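One structure below.
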C-alpha cells in the first residue's frame, strides 16, 4: 500500500489553522472581567445606567444593541492576514461603529447593516459619559459588548460575565461585513456552516438564534417567505402581508417574535414549532433537519435556553479581539484617533 503524503497546500492549511487557534486563545487570555477595576471603576455602572435608560425609552433598542455586538464580532473573526512577520486578526473590535471616510468604506452600508443597524447614538452617549470619567481608557468595543449584555438583562433575559480589555480597530471592511454576517435567506446547512466558521456548534447556533425573541425585522428581509413559502402558518402569513406588500414598504417592521417581542424568553422557539418564524433562516431551524430537537428542547425549557445563550454570548464576545497594544482606544467611536 502506498504511503499517504500531506500536500504543501494541506500543510499550509494546517499551519494557518494552528496559528489562528493559538492567536485566538492568546487574545482571549488577555481579557479580564476586572480590566477596568482600577483604571475606570465606574465604567460598568455607567454603561448599565445608560442602557437601562435607552431601553426604557424604547424597548426595541435592547435588541438593536445586542445585534450591534453580534454584527461587530462576526466580521473578520475568521480572517487572518500576513504582512511579512506580522499577524492581524480581529473580531469584536468596534469596527461596525466607524463612519465612512474618503479613504475607507466601512460596515454601516453593508447589506446586513444598511437601514438596519442602529443604536449608534446610544453608544455615542455612553462613550461620552465614560470619557468624562476616564479619558482614553474604555474601548468602544468593550462598550458594545457590555451594552449587549445589559440590554438582554433589561428585557428580562440572563446575565453573563463580559471579559474586558478589547481594543478598537483603526479600519473596517464593507466586503467582510457582507461576506461574514449570516443572511436571513440562508438554509440550515448555510447557517451551520456560517457559525461553524466562527467556531460555534450547531447547538450554539440555535441558542444564539434565540436572540430573535426580541427585536424587529424589515419587510424586505421576509417578503419572499410570507408570499412564496409553504412552511408557514397561513394565518400568520396573511397577517404579515397587511404591513408588508408584495411591492414597496421595504422598511416596514414586524416583530421577530409576535408573542412577546420585548421580553427575552423562549417564545421564539415555540413560534417556530407552529411555523411562525418570521425569517426564512428562522424557520430553517425547524425544517425536519438536525436542529429540530434542539428547538423543541429550548421551547420546553427556558432555563436551558438562557444558560446556553449566555455561554454562547461569552464565546462570541471572545472572537479574536484586539488586545494589548494592537489597535487603539478611540475617543470618538465613529472615527479613529
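Just so you know, glycine gets a Cβ as well, placed from its N, Cα and C.
Remember, TrEMBL labels are computer predictions, not curated facts.
Computed from a predicted structure; not experimentally measured.
Per TrEMBL, signal peptide is recorded for 1-29. The annotation domain 'Plant heme peroxidase family profile' is assigned in TrEMBL to 30-337. According to TrEMBL, the feature disulfide bond maps to 40-134, 73-92, 140-333, 219-244. Per TrEMBL, site 'Transition state stabilizer' is recorded for 67. Here TrEMBL flags 71 as active site, proton acceptor. According to TrEMBL, the feature Ca(2+) 1 binding site maps to 72, 75, 91, 93, 95, 107. The heme b binding site annotation in TrEMBL covers 212. Annotated Ca(2+) 2 binding site per TrEMBL: 213, 257, 265, in sequence order.
Annotation: 92 carries the greatest number of neighbouring Cβ atoms among the disulfide-bonded residues 40, 92, 219, 244, 333 [cut-off 10 Å, Cβ to Cβ].
Closest by Cα distance to residue 265 (Ca(2+) 2 binding site), from the recorded positions 75, 134, 219, 244, 333, is 219. Within the same chain, residues at least six positions away from residue 73 (disulfide bond) with a Cβ under 8 Å of its Cβ are 91, 92, 316, 317, 319.
Per Cα geometry, 212 is the residue among the binding-site residues 212, 213, 257 nearest to residue 95 (Ca(2+) 1 binding site). Looking at residue 140 (disulfide bond) and residue 93 (Ca(2+) 1 binding site), their Cα atoms lie 8 Å from each other. Look at the recorded positions 67, 75 and count other Cβ atoms within 10 Å of each Cβ; 67 has the fewest.
When the Cα of residue 67 (site 'Transition state stabilizer') is compared against those of the binding-site residues 212, 213, 257, the shortest separation belongs to 212. In this structure, the binding-site residues under consideration are 72, 257, and the one with the smallest number of other Cβ atoms within 10 Å of its Cβ is 257.
The recorded positions 71, 212 differ in how many other CB atoms lie within 10 Å of their CB, and the one with the most is 212. In sequence order, the recorded positions near the residue listed as 'heme b binding site' (Cα within 10 Å of its Cα) amount to none of 72, 75, 107, 134, 244, 333. Among the recorded positions listed (134, 219, 257), 219 has its Cα nearest to the Cα of residue 107 (Ca(2+) 1 binding site). Most other Cβ atoms within 10 A: among the binding-site residues 93, 107, 265, that distinction falls to 93. Cβ neighbours within 10 Å of residue 213 (Ca(2+) 2 binding site), excluding its own Cβ and spanning all shown chains: 29. In this structure the C-alpha atoms belonging to residue 333 (disulfide bond) and residue 75 (Ca(2+) 1 binding site) are separated by 17 Å.
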